[in-house]
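Feature annotations, courtesy of TrEMBL:
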{"type": "DOMAIN", "residues": "143-235", "note": "domain 'Mandelate racemase/muconate lactonizing enzyme C-terminal'"}
{"type": "ACT_SITE", "residues": "Lys164", "note": "active site, proton donor"}
{"type": "BINDING", "residues": "Asp189, Glu214, Asp239", "note": "Mg(2+) binding site"}
{"type": "ACT_SITE", "residues": "Lys263", "note": "active site, proton acceptor"}
Amino acid sequence: MNIKEIKLHQLLMNMKNPFTTSFGTQQDRFITIIEAVDENGLSGFGECVSGEDPLYSEEFMDASLIAMKKYFGPLLLQNEIKHPDDVWELFKPFKRNNMAKAGIEGAVWDLYAKQHDIPLSKLLGGTKSEVEVGVSLGLEETDELLLEKIAEKVDEGYKRIKVKIKPGRDVEMIRTIRRKFKDIPLMVDANSAYTLDDIDTLKELDQFKLMMIEQPLAAGDLIEHAKLQRQLKTPVCLDESIDSYEAAAGAIELGSCRIINVKVGRVGGLTQAKKIHDLAKAHHIPLWCGGMLEAGVGRLHNIAITTLGNFTLPGDTASSSRYWYEDIITPEVNAENGVVKVSHKPGIGAEVDFDKMKQYLKKTDVLTKEDTPDMIFYD
Ligand code: OSB
Ligand code: MG
């Protein structure tokens with residue numbers, strides 16, 4: 001593919017609204033945009049989605065940056081690859097660091113699609129020309145404030161509403177929501193805030209016709225999630241737990257969930273996301289694409305993977321304007337009535353707008369063919 005340069009654009013983006021989950025509140029998003037440049041000067045873009053602190057998962061942005069600079073960037077520059085699917089194999093000896101791997105791999109996918117003049121969605125095997133999306137709402141100080149946010153998003157036409165829960169902000173809060181919004185497609189996300197000791201509380205949620213309960217227990221707890229799913233009517237959906245193809249296979253075999261949230265970064269990139277898609281399809285497990293408060297590049301990658309057939313449930317990829325005063329792409333992602341049109345342009349389907357990106361840019365590191373992996377071990 002003749003990649004000659006990799007640029008790591010480090011951005012600090014201020015969010016329109018603070019976002020609160022069971023693990024904390026954030027107002028700023030520290031994001032890395034990866035640009036892979038070929039010998040003809042064509043650029044592909046990826047986004048590294050790790051959090052600022054290791055609270056959602058063990059991966060965090062400073063660590064991802066080091067992993068990209070020391071290992072994954074130089075490895076890609078030193079090894080000629082033929083297809084983006086080769087990237088996973090190239091990175092495989094290096095354990096985990098999935099979001100760093102996925103960020104670089106994402107840039108390679110976009111570049112390859114542009115080199116071959118096809119949309120990324122088509123390259124991935126996607127078939128949809130538009131995708132349905134929902135919205136993920138953070139915890140609010142009061143139920144009244146949350147009800148206002150829900151009303152606004154229902155009016156905007158989002159196809160489902162996801163609300164965050166945590167112990168003490170669960171059964172009564174959902175009862176209040178259901179009293180006002182009797183029939184909306186509603187789901188909850190606990191971000192691992194419960195244990196099996198809370199099973200009575202979780203069972204109480206069965207009365208509210210929720211589409212699913214996302215990640216109630218800790219990430220490693222596939223066996224506990226299977227025990228929980230057997231006692232709940234509401235489908236369990238796993239997010240944090242599905243950090244690889246093998247974890248997806250394990251969860252399906254154990255019956256730990258009935259739905260899977262696929263996040264491209266969490267599973268190590270689009271190649272792995274496709275593999276999980278095919279496995280889940282074979283086992284009749286529906287999928288949706290989760291969000292990580294992405295800027296435009298990550299948002300477009302999410303739309304592209306969602307065009308695969310077994311992404312049958314609305315995902316988290318809401319309009320750019322829900323998160324940002326100004327996104328870094330032109331045109332921005334825009335959901336109309338909860339539907340995003342898939343671009344027919346090559347690659348991710350929109351331009352990364354460097355003029356807009358400038359206002360957020362803190363630093364760009366440039367890796368070239370001169371850079372070799374910075375390692376103690378060698379073979
Ligand atoms: O658990 O799905 C999650 C955001 C950051 C980290 C984890 C999660 C989320 C969201 C927001 O729920 C999804 C989005 O709107 O991008
Ligand atoms: Mg989640």
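Note: Cβ is positioned from N, Cα and C throughout, glycine not excepted.
Unlike curated records, TrEMBL annotations are generated automatically.
Taking the features listed in TrEMBL, we show where each one sits on the structure.
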residue : record                       : CB count, 10 Å
Lys164  : active site, proton donor    : 24
Asp189  : Mg(2+) binding site          : 26
Glu214  : Mg(2+) binding site          : 27
Asp239  : Mg(2+) binding site          : 23
Lys263  : active site, proton acceptor : 27
Pairwise CA distance, Lys164 (active site, proton donor) versus Asp189 (Mg(2+) binding site), rounded so that it is a whole Å: 5
Close-lying recorded positions around ligand 1 among Lys164, Asp189, Asp239, Lys263, where CB distance stays under 6 Å: Asp189, Asp239
Cβ-centroid neighbours of Mg(2+) site Asp189, Glu214, Asp239, 8 Å, sequence order: Lys162, Met187, Val188, Ala190, Asn191, Ile213, Gln215, Cys237, Leu238, Glu240, Asn261, Gly290
Distance from Lys263 (active site, proton acceptor) back to Asp189 (Mg(2+) binding site), taken between C-alpha atoms, in Å: 14
Listed recorded positions with Cβ under 6 Å from ligand 2, out of Lys164, Glu214, Lys263: Glu214
The residue listed as 'active site, proton acceptor' versus Glu214 (Mg(2+) binding site) - Cα distance in angstrom: 13
Per-state residue totals over the domain 'Mandelate racemase/muconate lactonizing enzyme C-terminal' (143-235) - DSSP helix, strand, coil: 47 helix, 12 strand, 34 coil
Alpha-carbon distance [Asp239 (Mg(2+) binding site); the residue listed as 'active site, proton acceptor'] in Å: 8
